[in-house]
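One structure is given below, encoded as structure tokens.
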Amino acid sequence: MNPYILATLLLSLGLGTTITFASSHWLLAWMGLEINTLAILPLMAQQHHPRAVEATTKYFLTQATGAATLLFASTTNAWLTGQWDILQMSHPLATTLAILALSLKVGLAPLHTWLPEVLQGLDLTTGLILSTWQKLAPFALLLQIQPADPTILIILGVTSTLVGGWGGLNQTQLRKIMAYSSTAHLGWMILILQFSPSLTLLTLLTYLIMTSSTFLVFKLNKSTSINMLATSWAKTPALTTLTPLILLSLGGLPPLTGFMPKWLILQELTKQDLAPIATLAALTALLSLYFYLRLTYAMTLTMSPNNVTGLAPWRLHSSQLTLPLATLTVATILLLPLTPTMLTLLTL
């Protein structure tokens, strides 16, 4: 792709998200989401492969549906209450519609079915943008909508953690596994959104760090399926030693960074007298942990077959920058000791 066009598209992506962040009016927020969607479509379709075009079409249709429903919800709210302000969304019908529209946009279960299919059709770089940056704008809006009854958020959260864990169990394609992982993590964020928005932000931040480092590892190894991970020993031995820690951090095991948000969320849910929900969420985390362990096993404990025809992928030198990956890997593995500091910041 022409570098000028690429720069324009990336700046438009940034602009769309920034407009949504900065807006207090529903129309402006909707406009930011639309710019965001339209800016990423050419990046998704740049491969000119039927699979990429199909993924782009699916993404466009789901995002357009989500945006139209959001516009309908905000118009309904304005019609019923006379308010266009995001923080003034008070009518239960409009609030529920808006939450469902934004859930469709980020890929929360049961509105998640487009996400694995779309992610599977993209290359790893665009997949990384879709799994991280594209979640920010809808989440900024979700944080500002405070429904009177938290039941819908809890239902969405529990369903997402359950489906995110269950769906990834039988997958062999890494991008689909990452899509289900994304749904499960978003479920944890939505679960706690009503009770502690700052904790949701902390979970989102750790999710962004962990997902980025995982995608960059796959990109460096040019891996798209579990079998291709087995060749990474010969290519990057040091990184292959660290990757299991990144994956287990995604699964939320102590003493890694990923344990911090899960620990704090379970603690907060218990404080809110939601111990059964906390127990269910903790059990669903075990499902996710299983497929991260599967990836770890494939990467470190299995050898690749030696009868590969054609160019072996580990012979090709990668031109990818390693500094972002190194920084994110350190953050993914070593941030748990900062938990007391985070707790202090959350209670400010």
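Numbers here mean position along the shown chain, with the first residue as 1.
Keep in mind that glycine also has a Cβ here, set from the backbone N, Cα and C atoms.
Taken from TrEMBL, the feature domain 'NADH:quinone oxidoreductase/Mrp antiporter transmembrane' applies to 23-287.
Over the domain 'NADH dehydrogenase subunit 2 C-terminal' (289-343) the predicted model carries a mean pLDDT of 79. Taken from TrEMBL, the feature domain 'NADH dehydrogenase subunit 2 C-terminal' covers 289-343.
With a cut-off of 8 Å between Cβ atoms, the residues of this chain six or more beyond the transmembrane segment (60-80) that come close are 26-27, 30, 33-34, 37, 41, 89-91, 93-95, 97-98, 100-102, 104-105, 114, 118, 138, 141. According to TrEMBL, the transmembrane segment annotation covers 60-80 (among others).
Per TrEMBL, the feature transmembrane segment maps to 92-115 (among others).
For 151-170 (among others), the entry in TrEMBL reads transmembrane segment. Long-range Cβ contacts of the transmembrane segment (151-170) within its own chain (Cβ-Cβ under 8 Å, at least 6 residues beyond either end) map to 96, 99, 103, 108-110, 112, 116, 176-177, 180-194, 274, 277, 280-281, 284-288, 290-291.
Beyond the ends of the transmembrane segment (177-195), by six or more residues, the same chain brings 103, 106-109, 112, 115-116, 118-120, 127, 131, 135, 139, 142-143, 146-147, 150, 153-154, 156-165, 167-168, 171, 203-204, 207, 211, 214-215, 250, 261-262, 265, 268-269, 272, 277, 281, 284-285, 288, 291-292, 295 to within a C-beta distance below 8 angstroms of the stretch. Feature annotation from TrEMBL assigns transmembrane segment to 177-195 (among others).
Through the fold, the transmembrane segment (201-221) approaches residues 124-125, 127-128, 131-132, 135-136, 139, 143, 174, 178, 181-182, 185-186, 188-189, 192, 228-229, 231-232, 235-236, 239, 243, 246-247, 249-250, 257-258, 260-261, 264-265, 313-314, 318, 320, 322, 324-325, 328-329, 331-332, 335, 342, 346 of its own chain, all at least 6 residues removed from its boundaries and within a Cβ separation under 8 Å. The transmembrane segment feature in TrEMBL is assigned to 201-221 (among others).
Cβ atoms under 8 Å from those of the transmembrane segment (233-254) belong to residues 181, 210-211, 213-214, 217, 220-221, 261-263, 285, 288-289, 292-293, 295-296, 299-300, 303-304, 313-314, 325, 329, 332-333, 336 of the same chain, restricted to positions at least 6 beyond its ends. Taken from TrEMBL, the feature transmembrane segment covers 233-254 (among others).
TrEMBL lists 274-293 (among others) with the feature transmembrane segment.
Feature annotation from TrEMBL assigns transmembrane segment to 325-346 (among others).
Residues of the same chain lying 6 or more positions beyond the ends of the transmembrane segment (274-293) and with a Cβ under 8 Å from any Cβ of it are 154, 157-158, 161-162, 164-166, 168-169, 171, 177, 180-181, 184, 187-188, 191, 247-248, 250-253, 262, 265-266.
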